[in-house]
Ligand code: HAM
């Protein structure tokens, strides 16, 4: 019997995993600069959290959740996204009581959605996301968007498009909702069954329907921007002013509604314009969700954040032919000749690694020539050759693989010799 990986998931093997580590480290470093701190929440939560948090009318809750009963019959769900869990933790752990607000958090971890797998769409994918809770300052909206743009740009992406919109405050949304209902209701019979349900639940979601996107009523639907009240308008203007001040180009798209129910005010997506990127061009999505903490039983707290998947980020890097500066070389490979040398290499290797050097040796009893080949495969900067004869004299032959220069040194000098070299290279 043989097993295959589940559809929509992937094994990330050595050779590929270094790219993930590089991206994750870059994201962590960036969060540190912006003072976002890491939060780790469980992979599964009570289903009700996502039903309420993400929203009953969303595709995620209706069709895409991995929901199961635990042994006590409780309904649990593998997290489809990170915002609901982060806000749940913020409320439950009373992070709002900390004197310093906003609470700025980030996460990197797997999310699960039962979607139709295709290029850029997985059933298990890794999101890097940030959430800033407790501030209603449009500067924080601009900060969140800037951090996302900065990650992509730091990694070398150029073909990016930032699209923003405002969904307004509760009053603006209510006015827009009424307008949408009157617009679609007379002809809702011509729309798909999902849209018919959406008319009552959340008519905004009709604008995001893939099946009915070419219906003539879609083009003439009332734009949210016409329903923004003065407060919402000036908030949105301020966000745009800050983005411009940061030199970040953007487009306003009143059709951008996002696929989750919790948004109000600022909503944004970052797309890849790279040729050959594939049908799904959205790299990152986010927005403001001022009612979410309250919705899940917490105090009224404004919040804004984004999430992006590492899968799509790496695909965008591929599409733009960006190679990440990943080095897989090692400091030293020990080649041995003779049994005593082989034994001595075991402890020598241990000492080298303890001293912080990347070092390796052969474990397959290979001939010398094959050991040198292994050293090449490991991209060893130095090869240290230890034979029984050398061992007797307490010396080891060290060869700089770049210059070809070889010299004999005392075995107990090997580590300081290699370290001195690394130090010189860093200068
Ligand atoms: P979302 O738009 O559902 O928003 O997902 C955000 C990002 O996750 C997408 O832009 C995409 O990069 C990635 N993504 C989503 N589904 C998949 C998939 N099946 N395969 C690969 N990548 C995927 C959220 O999740 C919100 N929680 C974002 C947010 C945070 N809003 C405020 N704070």
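Using the three backbone atoms N, Cα and C, a Cβ is placed for every residue, glycine included.
For the L-histidine site, TrEMBL gives 81, 82, 83, 127, 131, 258, 262, 263; the one candidate out of 71, 113, 116, 213 that the record lists there too is 113. Proximity of residue 81 (L-histidine binding site) to non-local residues of its own chain (separation of 6 or more, Cβ distance below 8 Å) is seen for 50, 54, 60, 111, 127, 129, 260, 307, given in sequence order.
For the domain 'Aminoacyl-transfer RNA synthetases class-II family profile' (1-325), the predicted model reports an average pLDDT of 95. Take the binding-site residues 83, 127: by the count of other Cβ atoms within 10 Å of each Cβ, the lowest one is 127. Farthest C-alpha pair in the L-histidine-binding residues 81, 82, 83, 113, 127, 131, 258, 262, 263: 21 Å apart.
Between the binding-site residues 258, 263, the minimum number of other C-beta atoms within 10 Å of a residue's C-beta occurs at 258.
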